Amino acid sequence: MAPGKGGYKQINKALNICAFEDYLDGQQATLPPLQDVEQISPRVIRVLGQNPGKFTLQGTNTYIVGTGSERLIIDTGQGIPDWADLISTTLLDGNFSLSHVLLTHWHGDHTGGVPDLLRLYPDLISGIYKHTPSKIQQPIEDGQVFKVEGATVRAVHAPGHSSDHMCFILEEEQAMFTGDNVLGHGTSAVEHLSTWMAALQQMKSHNCRKGYPAHGIVINDLQGRITGQLAQKFRRERQVLKALEQVKSQERAMAGGRGKGSVTVKQLVSTMHGDSLDGGIRELALEPFTEEILRKLAEDGKVAFEIRTGIKKWFVVGTALD
């Protein structure tokens, strides 16, 4: 499949991806190449999903885990026939079989290869596991343990990118399969920002050193990557709060100390970034991102909104920057 053509679009529905085409094209061009099949640790073989794209990066990483004659696999790619061929060849060459299929979440670039696995290995029909399973799948509970020779894998429910998102800890390596919550390059799109940030805090609490992401290279300092991702989001929150405080102060200075300083998202973006922004970037990217941050801050009790003449306007609550 040609780079840039494949990939399951997993992004906030409010966000129009056209605003990011140039950035995504540039990012994809600089990605390091990954081997189709690579033994990345004594217990882990990475098999690329053969679906490179702007959202899937080099392709979906699927992981065969264990050292014995029966192993488990995490994620199944997008349903590309070449991936199924790689899996079949890898199992044949290694003289081992699969006993469990663990799915990180429902997105098609992670579950699309399940029919191919069942075609190749019908006995797996009772061994497919996912949080919030379909009829042919088994449930995964938070803390559930899966064991094969050489590997103990513990499930961690970590929603945010999606409500059913699971990560998996490989106990023997103090490593975590991070799914789409933390990627090998860049940052992930999320369904719910507050939930995702809480999930990252939870992931960090397990003190795993290494991360095996669903897209991109191995993360050698998982703790540092998570810390950096959270710090970036907190910086953006503070930028939004600072801008709201600025608007509030200006309004009160002009109104004798009265006023909430409520503004629309469009007005807030202008306060933060000026009025000379490209219209597409503003409307298709910055405004949806800013509103997502505002919703998270509202859940935290730091901002609120009011409806004036049918228009939603946001304002800071108290001294939110303290």
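Glycine is no exception: its Cβ is also placed from the backbone N, Cα and C atoms.
Taken from Swiss-Prot as is:
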BINDING   His105, His107  Zn(2+) 1 binding site
ACT_SITE  Asp109  active site, proton donor/acceptor
BINDING   Asp109, His110  Zn(2+) 2 binding site
Position of peak Cβ density within 10 Å, selected from the binding-site residues His107, His110: His110
Residues near His105 (Zn(2+) 1 binding site) in space but at least six apart in sequence (CB under 8 A): Lys130, His131, His161, Ser162, Asp164, His165, Met166, Gly179, Asp180
